[in-house]
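Enquirer: Input: one structure, supplied below.
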Amino acid sequence: MAISSTADLAPSRKARGSESNDRALKLFIELLSVETQQQLFRGEPCIQRFVEIGPRTILSTMAKRSASIQKDQRSSASCYSPEFLSYHDNQPEILYQYQNDQAIYPLSQPTQPQFEPTSPSHLTKRSPSPSKALPMSAIPSAELTLQAGHVILAMTAQKLRRRFDQVPVEKTIRDLSGGKSTLQNELTGDLVAEFGRVPEGVEDQPLSSLAESFQPEFSGIPGKAMSTLISRFISGKMPAGFNQSAIQEYLNSRWGLTKSHATIPLCFAPTMEPARRLANADEARAYLDDLVEKHAAFQGISLVPSNQVADGHESLAPVVMNVADVDEMNKRTKLYRAQFDSLASYLGVDYFASEKAMSESESRIAELEETIRLLNTELDEQFIKGIKPSFNIKQVRKYDSWWNWSREELIRLLNEICQDSSSACPPDMENRLQNLLNKWDANCSEIVRAHLIGLQSRSSAPMNKLQLILEEIFTLGNQTLSIDPLFVHNLPPMGPQTIITDAGCLEYHELPRQISHYPEAMAYGPPWPQGHTSAPFIHIKTREDGQDWMYDSKATSIYHAMLDVGVTTGLTFTHKAVLVTGAGPSSIAASVIQGLLSGGARIIVTTSRSISQSADFYQQMYRQYGAKGSSLSLFPFNQASKQDCEQLVQHIYGPDSPTDGDLDYILPFAAIPQVGEPDAFGGRQELALRAMLVNILRLIGFVRQEKERLRIENRPTMIVLPMSCNEGTFGGDGLYSEAKIGLKALFNRFYSENWSKYLTICGAVIGWTRGTAIMQTSNAVAEEVEKLGVITFTQAEMAFNILALMTPALTALAEDTPIYADLTGGLGSMWNIKQEISAARKRISERQILQIAIAEEDAREQAMICSASTDVESGLPTTRHARLGLQFPPLPDVNEGYPNIEGMIDLTRIPVIVGYSELGPWGNARTRWEIEHRGDFSLEGYIEMAWIMGLIKHVDGHAKGRPYVGWVDADTETPIQDYEVPHKYHKHIMAHAGLRLIKPTKLDSYDPSRKELLHEVAVEEDLAPFETSKSTAEAFKLRHGDCVTLLPIADSDNCRVYIKKGAVLMIPKAVPFDQVVAGRIPEGWDPARYGIPEEIVQQVDVTTLYALCCVSEAFLSAGIKDPYEIYQYIHVSELANCLGSGGGPMKVIQNMYRDRFLDRQIRGDIILEHFVNTMGAWVNMLLLSATGPLKTPVGACATAIESLDIGCEAIQNGRCKVAVVGGCDDYGEELAFEFANIKATANSTEELSKGRTPADISRPTASSRSGFAESAGCGVQILMSAALAIEMGLPIYGVVAYTHMASDQIGRSIPAPGKGILTAARENGQAKESPLLDLNFRRAVFDAEVALINKSHPKQATTLKPDHSETSNAASLRIRDAQNRWANNIRLSDPSISPIRASLATWGLTVDDIKVVSMHGTSTKANEVNEGNVINTQMRHLGRQMGNPLLAVCQKSLTGHPKAGAGAWQLNGCLQMMQENIVPGNRNADNIDKQLREFEHIVYPMESLRVPEIKATLLTSFGFGQKGAINIMVSPRYLFASLSNSDYEDYRSRTTKRQRSATPTFVSRIMKNNLVQVKTRPPWNDPEAMQNFFLDPNSRVVDGQITRAPRTAYKHQDISVPQSAAVSVNEALHAMLATTDHSSPAASASVGVDVEEISSINVDNPIFISRNFTLLERDYCLSAPDPRASFAGRWVAKEAAFKSLQTTSTGAGTAMDQIEILEVGGIPKVVRLTSQLHGHAHEVAFAQGITNIQITISHCNNTAIAVALALRKND
């Protein structure tokens, strides 16, 4: 009773004696073990010493274990731990006998930070320098010898992976090992090996006690185990030459340690091993110095290093030699020289030859240097770099999958039209439709037909309009099937407009010209001087003998006729082959390519930029404009390189030609920007001249050579020369005009040289083209220039002008004579254009300056008129804050249109997904989804990624010395706002996430550029000896026999080992491995950041860490903050753990096999972590504490779906109600190496050489795919029966409609792709007509059967929900049987129906309702073809409607292939697609393999598509070893349709509350770095009741208390949102005040509040119960489901009631039965005092005029809270 008192709280001596006597009596009488221990360790006051008197240490050990368990259950106020002593082992302590022996451990140990292995990079390099002072010896303050305690401490610390000075010696082995029995057993075995024997119960004795036990028999030198550790340390970490003797010698010379003393730090050395072998002696000395300093600090002694360093660098006296010695030395030198000369003469060796060769080499080098200097001087470095060849046939990209892009674009267009049926005209509809018609095929017609069929049942005005549009598209599409694609220029003529705004800003616009018909506008011409013939703006010129080029009206009319065709019927370029150079963004050539692609041409385009930078631009161009039969091949090419020109032409005319070995047109438009007048010409100008003139001529020559070689004489290639009207008129543009003028010479060469039958010439003199890279800055003056009577062009207009020159009519004309096309728009006749442009710029500038001045004057005038004090809205920019969340699924209204399945579904057998998570190359599921469907991150995504990668952390305190709450940079501690995160960390995140180059990390030091292997070598000569321990030396002898000789070292246990000739050694070597790209977890990921304890991180495999993170986050995504909440609804045996793995714990396996073979130091119990099921075991031990089945599927790449299948099966057959499913694998170098050996993975080194980036390595369905890219990670789903999910109010992300596993046929190939999952579609022809597929039929039969059941059981309620009462159990079973037969599994009645069709029919869906297929898509040649074939065959067999293709999603293009986690990530993607109705594209599929074209039921989108609704998804997964898997998910909306409106609204309300509670918890755990909540105890507080709990199927756990209140599958209960006690009290008080019955208008009140932990109420003490609770209260509480919680509630109510009286307490021992709490109207209340309060309580209440006390009781977590309101009646 919490009542304050001033009395002394300590009991008197007499009272203490009485209590001791009472306890002694109880212990004497109650001989049962359990009761005895409870009295000992739970009673008050606590015992201080437990002494066992007997021949052995038995009872004290048992008592200590029991006390540790009892201690965990005591409140935080419990007393300290007692001391356990045995007369056998602790006689001096019992008798209080103390020894004055030398202290083995210091009295106090300094607190040290958490140990990390010493890295050599952290060691200070000590450079000895000569000193003038005399050398001084180091003398330690105390001379120590090796004690048993040192060895025990060193061995224990080494096992625990801690530094020796971080292990508290007062703790036991059991405490230090954290209760891990294997570690205790291993350490005990090592102690036995070291000391020979150990006392019984060694694990429960403090290290200090063990040291005293072992010390009397300790020899003072390391034993076998310790010597092995030292030897292994020296051989594995110290540099060559630093053996044990050398180390001891250094410690003596440097620190003055004797050999015995030096052994102590040597024993401690294995506890602080450096991360890698120390590279040299300096690093070794620095390491040893650090070791000795820590040893001295630990021992509490003083050590001062000597200034003399024992490495030969100490100060030395001058050396003096006499003359005789010098003469003798010279004689010997002459003798050696004579012998050398004689031997060289005898062998015929000219030792001057090397000097001669060196002289010649130096001369040659000098000549080359002079040549290079000359080239750099004449041409300069820029020219030399500019001619470097870049042509690389391996980097060629080819795009020709127009057939797939047509389907994707059509589906996108139809979706946009259907989604906006009111307008039904998306932007740019005409151009998009024209491009689409150019690539139309029969599949497109089927797609439109399918949409039209779907509209027939939706009659309305908008639908009728939509139907007309689709019918028109259908008609136009069918018409184009039999004609060639056409380029139609349907853009109006555009003119420039420059506007100066009121504020003085310059704005450029383009407006349609007055003449809307482009050829008509071009037919006009500029004003010509009198006497000259007027020519159109664009025209053809010819030349007569002796004349200049003149306007040719006849040829011009032909040209303009082609322009007319181009804007009406269109131009076709089908079967034409074109080479285009210089087609960069915003160029004229790029617009030409667009027209050529629209016309069906096959194009070769070159780029001078890197392929990885430019490929996207051309691929997007092809996707938009590529027509039937068109192709686009992209080549790296430098037009300034002669080699490139030659190699390009040779390839075009070679056997692998992309244009069938010839060209129809060449457009050499490549140009190099240049400026400068003649006095400033340099290498760049010469380079430009070479590219724009010289190498164009070379191209002509190379083409002529190839055509002549191949005898192609009847198909001349037209070269469209990019000429210019700028023939020096602009000036200051380098050699640009000279290059263009030089091209004119080809008009004469056509006649004077003999290549005219192979090539023809068309010179296109290009006019002012707005918007190009060159003319972009001159757009503003274009309008002024046009005022001079000329015309300027857009890029599309100039491209159209050029395309008209490439028509058959003009091509035929060019065969007779070169064509001179004047496309200048009249600009070519202006010789003073530069002056005009300058004047135009000046006029615009003057107008702009004037307008700015006017605007400033107006502003000042307005300021004066409106008063300067008038504040104007400044529109301060708002900063957005991130809203982190779990992205719960929406809970929409279930409107009409869903199938009538209410009550038909047995929800206890329907598995649903209520939570999911993943950890992969792109972070978690939310961040991966953003990058997958958006291509970038949202603000929230950036923050989550930055947190995952350790770039930011959250601070709630101070930052930079100021109070601050928010994110800070993890390195600098600088505060950073949410909106700053994307800009600051974008580059880092993108470079260190996803598929990327493999680099050594903190978790894995693997470097593929230096893959280590062992090479066997036979020794050919005796090797120099080395020193090692005796045991190791004997092991060498055992292995090598006579090839090894051992020589013991005096005064040492070590031996010197001599390796003789004939011995076989394994020498490490490093080779580069070509797999250098993988999708590893984002760099910087740290399990400790998720809240996983460091001891767990050090012990388990990384796959277990992944799983722990994912399972924790998956439960949060289900709105479950504590997994133990589930046990309020199910028995612990009904939760299954089905997590699987394909490769298992790779790092542990590597350590166990490789490192053990290499005799490296690894844990002795590592075998426990090597089992595949260990991952699931850790998840259960640390998070779940379930007793359900732990199943571990191993299905290679299909593991996750196999896990899903197992979980669904467990739920469907009723064995479990919840299952944790998924898969996890890590990246391992061994696995990667073997995958590469079978050619399953892409050779990333080769791919990088092809111009691919690491992100492009995985390209599922692409024609260039070459294998998958490996990745790592984990994916998890929380699977649950739908009934339980609805009962708990959990979010439902998707319904698992079907899972299926299949193997395959006879064969010999394990990785061969199989077709076994075709069986999921098995059915005969009659099955399609089965009446069971008619939902109306099944509804009617089901209703009739339920009516009969209700008639047979009149007591059964009319509802379809079974209540599981005894009287209605039979009816419930019959109803569930009917549900199963007519809905859940209709194949029970007709097995001929395919499983896929039946699973969809349950929800009133058909195979046509599947919208998306998430494909396994590994990016291998075989898989995509096989998988597409299997899916297409299934759809065809099931009768899927033509024109309704599945949208394929290939997630591995983004994530790579994680093996076991692949299916889980795919499944998560399916859930996200259904939630947002977005189908992400495969951005790496730049060109779809033509082998996939035959699969008419599949479309492979490259960009994300938004669709109206996704009702169902299909998922396929294939694993090596005949593992085929398929899964169908259904939208949760259909599950909601099976509920009544009232049930759904109730579910929606409770789920919304849960989501609102879970989101803040998730955000808080992110900010506090405790996302993973590791459990330290099972969900029950009383371990003794565990057995009964396991055996009772109705047992449940509520707030740590066991209850027998079973919940039915259909009973809905409100979610109790856990809150803090303070919040609960506040809410309870407000609720009470709101409901208080104020019968009297004049009343006052006083409040009392009390809070108590439920576990602190000892309901097992009958005296306590009888003294404080009345008989009625006892009867009420004992009949409650949880008596302890009920008593706790009554207790705090009594306390609160007493506090509300506001009187002085009579003592803590006062009985509380004077206050009785009864139920009045369902509300706990203190009734009228006259009959219920007694004694002192009644007197106080009566004196204060209290007439009524109202109380409210609530429970929060493991706490009971009560608020009492005492009402007084005022006079």
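In case you wondered, yes, glycine gets a Cβ from its N, Cα and C as well.
Worth saying up front: this structure is predicted, and the values here are computed from it rather than measured.
Below are the features listed in Swiss-Prot for this protein:
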- Asp1650, Val1651, Glu1652, Ser1754, His1755: Mg(2+) binding site (BINDING)
- 1650-1652, Tyr1676, Ser1686, 1695-1705, 1719-1722, 1753-1755: acetyl-CoA binding site (BINDING)
- 143-221: domain 'Carrier' (DOMAIN)
- Ser181: O-(pantetheine 4'-phosphoryl)serine (MOD_RES)
Enquirer: Let me know the model's mean pLDDT on the domain 'Carrier' (143-221).
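Expert: Residues in the domain 'Carrier' (143-221) carry a mean pLDDT of 85 in this prediction.
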Enquirer: Counting Cβ atoms within 10 Å of each candidate's own Cβ, which of the binding-site residues Asp1650, Glu1652 comes out highest?
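Expert: Buried the deepest by this measure is Asp1650.
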Enquirer: Please name which of the binding-site residues listed here, Tyr1676, Ala1696, Lys1699, Gln1702, is nearest in space to Val1651 (Mg(2+) binding site), Cα against Cα.
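Expert: Looking at Cα distances from Val1651 (Mg(2+) binding site), the smallest one goes to Ala1696.
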Enquirer: Say we define neighbours as other CB atoms within 10 Å of the CB. Which of the binding-site residues Gln1702, Ser1754 has the fewest?
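Expert: Candidates: the binding-site residues Gln1702, Ser1754. Fewest Cβ atoms within 10 Å: Gln1702.
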Enquirer: By Cβ count within 10 Å, point out the most packed of the binding-site residues listed: Val1651, Ala1696.
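Expert: Ranked by Cβ atoms within 10 Å, first place goes to Ala1696.
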Enquirer: If we check Cα distances from Asp1650 (Mg(2+) binding site), which of the binding-site residues Tyr1676, Ala1696, Lys1699, Gln1702 wins as closest?
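Expert: The answer is Ala1696.
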Enquirer: What Cα-Cα separation, expressed in whole Å, is found between Tyr1676 (acetyl-CoA binding site) and Ser1754 (Mg(2+) binding site)?
Expert: 17
Enquirer: Identify, in sequence order, the residues in the chain of Lys1699 (acetyl-CoA binding site) that are 6 or more apart from it along the sequence and have a CB within less than 8 Å of its CB; answer 'none' if there are none.
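Expert: Within the chain, Lys1699 (acetyl-CoA binding site) has Cβ neighbours under 8 Å at Gly1648, Val1649, Asp1650, Ala1764.
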Enquirer: Check Gln1702 (acetyl-CoA binding site) against DSSP and tell me helix, strand or coil, would you?
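Expert: Its secondary structure by DSSP: coil.
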Enquirer: Please report the DSSP secondary structure of Glu1652 (Mg(2+) binding site), reduced to three states.
Expert: strand
Enquirer: According to DSSP, which of helix, strand or coil covers Tyr1676 (acetyl-CoA binding site)?
Expert: helix
Enquirer: So if I measure Cβ to Cβ from His1755 (Mg(2+) binding site) and keep only same-chain residues at least 6 apart in sequence, which ones fall under 8 Å?
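Expert: Listed in sequence order: Asp1599, Ile1654, Ala1685, Ala1688, Gly1689, Ile1761.
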Enquirer: List the Cα distance (Å, whole number) between Gln1702 (acetyl-CoA binding site) and Glu1652 (Mg(2+) binding site).
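Expert: Per the Cα atoms, Gln1702 (acetyl-CoA binding site) and Glu1652 (Mg(2+) binding site) stand 19 Å apart.
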Enquirer: Taking the Cα atoms as reference points, how far is Ala1696 (acetyl-CoA binding site) from Ser1754 (Mg(2+) binding site) in Å?
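Expert: Cα to Cα, Ala1696 (acetyl-CoA binding site) and Ser1754 (Mg(2+) binding site) are separated by 13 Å.
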Enquirer: DSSP three-state call for Ala1696 (acetyl-CoA binding site): helix, strand or coil?
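Expert: Going by the DSSP assignment, Ala1696 (acetyl-CoA binding site) falls within a helical segment, counted as helix.
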